[in-house]
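Per TrEMBL, transmembrane segment is recorded for A:61-80, A:137-155, A:176-197, A:249-268, A:280-300, A:367-392, A:413-434, A:480-501, A:522-544.
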Amino acid sequence: MSPVLADVLTVVALTGALALVHRPLGDHMAAVYCSKKHLRVERWIYRAVGANPDTEMRWPVYLRGVLAFSAVGVLFLYLVQRVQDKLPLSLGFKPVSPDQAFNTAASFVSNTNWQSYAGETAMSHVTQTMGLAVQNFVSAAVGIAVAVALVRGFARSRTGGLGNFWADLVRGTIRILIPLSVVAAVVLIACGAIQNFGDIHTVTTLTGDKQSISPGAVASQEAIKDIGTNGGGYFNANSAHPFENPDGFTNWLEIFLLLVIPFSLPRTFATMVGSARQGYAIVAAMGVIWLAALVAVTWLEYAHPGTASQLAGGSMEGKEQRFGEGNSSLFAVSTTMTSTGSVDSFHDSFQGLSGGVLLLGMMLGEIAPGGVGSGLYGMLVMAVIAVFIAGLMVGRTPEYLGKKIGSREIKLAACYILITPALVLTGTALAMALGKGVPSMTNHGAHGFSEVLYAYTSASNNNGSAFAGFGADTTYHNTMLGLCMLLGRFLPMVFVLALAGSLAEQKPIPATAGTLRTEKPLFTGLLVGAIVIITGLTFFPALALGPLAEGLAS
Amino acid sequence: MNTSFANSARMVGAALRMLLVLTVLTGVVYPLLVTGIGQAAFQHKANGSLVKVDGKEVGSELIGQNWNLPGTDKPDPKYFQPRPSNSAYDPLSTGSSQLGASDPRLVKRVEAARAQVAAFNAVPESRVPADAVTGSASAIDPDISPAYAGIQIDRVARVNRLPAAQVRRLVRDHTDGRALGFMGEPRVNVLELNIALTKLARH
């Protein structure tokens, strides 16, 4: 079978599988968040915690819940890393340094999973399972909860209540993330991913060498790492490590897992606002952008214009033989577009322009389809911007799903879309101006600048992948990137929840002949256009200095 | 002000208790449950797919190795050779070179590797495939392409005093196709191939 045909079949199988579960999973999630019933284990949890799951929260209260829960998450994870040598199953690893522990705590709580450490020699069994993996679950559940609160803002009227944060958090974890993860983890083990709490195991090879085989509860972490669009690898090589991702099938499965919730949430949205076609318009916009990036990167990797790749006869530097150029491109595009950030190949060694496409994927704000929850709320904020632009063009007060987009709403949406560009561009500019960029580069010239830009883009958009040649483990970058991750995660949530509160209070206005039909392909086109233009204008100068300069030179 | 402070304090208390409960659930119960299922149903795989020869563990099916002359970093002509590695196949130091696709250092490295592989296997440089001259992502890639195995057949057969046809058959038997026929790339597992080769050479 020709490689191109095999790649096409892989993508067809992937989109087919995503389409197949779109409705059942989307509807299941809608039912989970709309249900009035509590499971027995949930009632037990609410009692232990002392929270009433039936109180309706107004947006400031909901927000306070999100922030309080995330703040204790950062502190707890910081503490676990600092005392890991005193806890059982430490594997003899030292405590993590203060700046790196802060960076890692910020990273996992903000669903970024940027890693300035190498897992196999830095994090003990307890840190991995009781620290990092816990945040893989709960940071994902927080993301979905905020998205659901925004959807309730559209679906409800004349109320201040956006739901109950504790109930949304617990239900997302127990009824969605844990069941999916158990199934996925067992399948991964069946295919060769490891799952044990052993010690580092030394074997003697046939040539008389000693080799150390790593242990770890890898499959359980791999499953939620993908399902929760977290992306923090158990090992430094992440999903390129054969113990995390043993063959072509697990690679496909991991891509499916990291796309499945983000691509199904628009259905949840549609079901909750009572119009299936509104969901299809959103999912179409996500799909179009994802597919365009996929075609571009795959084509560039096969064409391999880079000087070294031309000489080698293929773009295989930093790629595994079992995945090759095609499947590595599919993984790379899916992971940068979903804010996952796990990698099965190293983006630093991709062709110059491919790296630019991956960067752009993150700069779009992680909305195609974006991270769990954050992708949907990001896309809905862009939809608000798109109807506003359309309203300006025809001179009508814009509305979306029967809610007026007035000056308060548009101000909140505008603040939302300004945050990450501000963090990315000032973060990168500061690093370069203060002389902190160049010493951390592995590559020189335009590609070296891309490494810095990629790092601050990845952190601020909560992606977590890297041009991994960038030496991020310095006090400066650990601290600054940690701040970018926290601000890039929680400031937008403030505006999303404020927007949700403002929408929920409105009374719906009936659709008339003059209403923009937001369930039509025309609107999907307008939405994609608005996203591309806004992002393009914001980031083009920075991209021109990095990947564009490099790509055009080769 | 006082009530809002009290409210916030109550919220933080609830948040802390919630985190602890969910830590028990997702950080203790979940991994132990998955480990239990994995160890009961797929013990060999859950523990790293270790391979034994004559009762002794010699490596993992999934982790690549060096095949050098004992005590040196020179490739042993007796064995099929793996891809270049960024860490000499040390599983405690995984990751790649991170060099850009046009980086001059990478160009130099690829040039040197191409010349070395071509000379070592006595084939023209044009027959050396990409995976033979590029470092993998993990640095412990267990596989090589069928093309890279192909150019090593004559050299391996000669050094082991085996008929080339027999070694070619061995490579064919150890070539894995794409998963389900279309996912991933065809590949040859170097450890398994070399173990089979050693057995063949012994008889």
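Every residue number used here counts from 1 along the chain in the order it is shown.
Placement of Cβ uses the backbone N, Cα and C atoms for every residue, glycine included.
Note that the coordinates shown come from a computational prediction; the quantities given were computed from them, not determined experimentally.
Panel annotation: around the transmembrane segment (A:413-434), residues 363, 365, 381-382, 384-385, 388, 405, 449, 452-453, 456-457, 459-461, 476-477, 480-481, 484, 487-488, 491-492, 495-496, 499, 534, 538-539, 542 of the same chain, lying at least six beyond its termini, place a Cβ under 8 Å from a Cβ of the stretch.
Here the transmembrane segment (A:367-392) sits against the transmembrane segment (A:137-155); at least 3 CB pairs are under 8 Å, leaving out pairs fewer than 6 apart in sequence. Residues 29, 33, 59, 62, 66, 69-70, 73, 108-111, 162-163, 165, 168-170, 172-173, 176-178, 181, 224, 227-230, 261, 265, 268-269, 272-274, 371-377, 380, 400-401, 403, 493, 496-497, 499-504 of the same chain sit 6 or more residues outside the transmembrane segment (A:137-155) yet have a Cβ under 8 Å from a Cβ within it. Where the transmembrane segment (A:522-544) meets the stretches A:61-80, A:176-197, A:249-268, A:280-300, the count of C-beta pairs under 8 angstroms peaks at A:280-300. The stretch from A:61-80, A:249-268, A:280-300 that makes the most Cβ contacts under 8 Å with the transmembrane segment (A:176-197) is A:249-268.
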